[in-house]
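According to TrEMBL, the transmembrane segment annotation covers 21-41, 76-93, 113-132, 144-166, 233-250, 270-288, 300-319, 367-395.
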Amino acid sequence: MSNKQQNILAPKTEFTEFGGPIGGLFVSVATPFFSYLLFFFCNEQVGCSVLPTYPAAIWQQMVQGIRESIFDTTAFAIYFGWYAFVVACWAILPGKWVKGSELRTGIRLDYKLNAFNTLVASFIAFGAYVYVRGPAAGAILYDHWPGLVTASLVNAIIQSLYVYALSFQEEKLLAKGGNTGNHLFDWFIGRELNPRIGSFDIKTFNELRPGMILWGLLDFSCACHQYVSRKGGLTDSMVLVVLFHTWYIVDALFNEESIFTQMDITTDGFGFMLSVGDLTWVPFVYSLQARFLAFMPNELGYLATAAILFLNLTGYYIFRTANSEKDEFRKGGNPKNLKSMTTSSGRKLITSGWWGRSRHPNYFGDWIMALSWCLPTGFLTPIPYFYIFFFVVLLTHRQLRDDEACKEKYGKDWDKYQKLVPSRIIPYVY
Ligand code: NDP
């Protein structure tokens, strides 16, 4: 390979994100740890208190529970059967083939868009299963939670090792941030930008399908558990949480194409960070409020239900309008006649509408929705509010990363844009 080719395909990483190898190691251990911790410190047997009466006993149960989960063959069969089903859906179900964003090499890869069809097939299959076997059978995912977490972790580890090994083949396009030469860090952050098996794109597949859809199914399973333990009927809080989560998932998969302009796809390689995030963290941590309500039912009443619904709709409106304004603009349309500034690269930045109010208005909408997902769990314990705390940290960090990337891309023009739009996320506040 010539030097020029080498610089395009595999530039050496000069700046490490996430605190380098130590930060990478921390996140790699903390993510599985918290996925288990949130289960073992918050479940039907021990309750859900930040200060439990017998914490030492819970630690012991956690160690024992993780050990047992490795031998939960039912959970492993369900999980890997499920994963195979989603892969089969990708292959069999109809879907439009589209081009992704342009890569450094000038190439645009082909992607099959049928995530939404996969979601519909999965929800119908689960619904049919519950219809035929009853809600008690539908609680099977809730009943095998630790085993399913372990199975998803095994999947995430295998995939991250596989793509890491594959990234050393000739002429692979590496992520700019994933070629430090430190094995631990590169494996964590992701070395190859778009690992593929033929036309099957491993990163985009995992990003939207197995984890997001499983999150919805886990919610349904939690609802089944609540239904059975209450001997029929769901609380208004459970209905809200399942509805909100499902709507978020449906929206993401319905707008599958918008993923191609997101940072995970354009910039990050596929390593353990994304594999464990997509396959373990999203389904098992994001469903925490539904799992909590499965064993701690909470009745909200009409007024609180209406207020939380209003909050969610407000967040969704901002999130969807902001994302659509940018997506349409990037596709070359501008139905709202938004103002923009032209950068020296020729690419334009919107300066009115939501993108004139803050540099990440979509994150603001996402935060409001996150709060509305937590509120139905009431105020007995802060544990089900874990998601909003985590999400504030995640998106604040993401905004900093994106601002740095944009500064690199647009140089002085980005400074100009920052002066025009000083708020980072919350208009006129932050
Ligand atoms: P964004 O969709 O916000 O995209 C950022 C990019 O948009 C920038 O790199 C830049 O790229 C472009 N851009 C920035 N400012 C402007 C402007 N004024 N005009 C036009 N283009 C602009 O980032 P993410 O990928 O982080 O987020 C996508 C969605 O996913 C968000 O709604 C977010 O809330 C959500 N999300 C959800 C997560 C979850 O776990 N639930 C996790 C992460 C994100 P360029 O100029 O090159 O086009």
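The backbone N, Cα and C atoms fix where each Cβ goes, and this holds for glycine too.
It should be emphasised that the depicted structure is a prediction, and the values quoted were computed from it without experimental measurement.
When Cβ distances are compared across the two stretches, the transmembrane segment (76-93) makes contact with the transmembrane segment (144-166), since 3 or more pairs at least 6 residues apart fall below 8 angstroms. Count of Cβ pairs under 8 Å against the transmembrane segment (270-288): among 21-41, 113-132, 300-319, 367-395, the largest is for 21-41. 144-166 is the stretch from 113-132, 144-166, 300-319, 367-395 with the greatest number of Cβ pairs below 8 Å to the transmembrane segment (21-41). Residues 32, 35-36, 39-40, 43, 65-66, 68-70, 72, 74-76, 78-80, 83, 172, 186-187, 190-192, 195, 202, 206, 211, 214, 270-272, 275-276, 278-280, 283-284, 291 of the same chain, all 6+ positions outside the transmembrane segment (144-166), place their C-beta atoms under 8 angstroms from a C-beta of that stretch.
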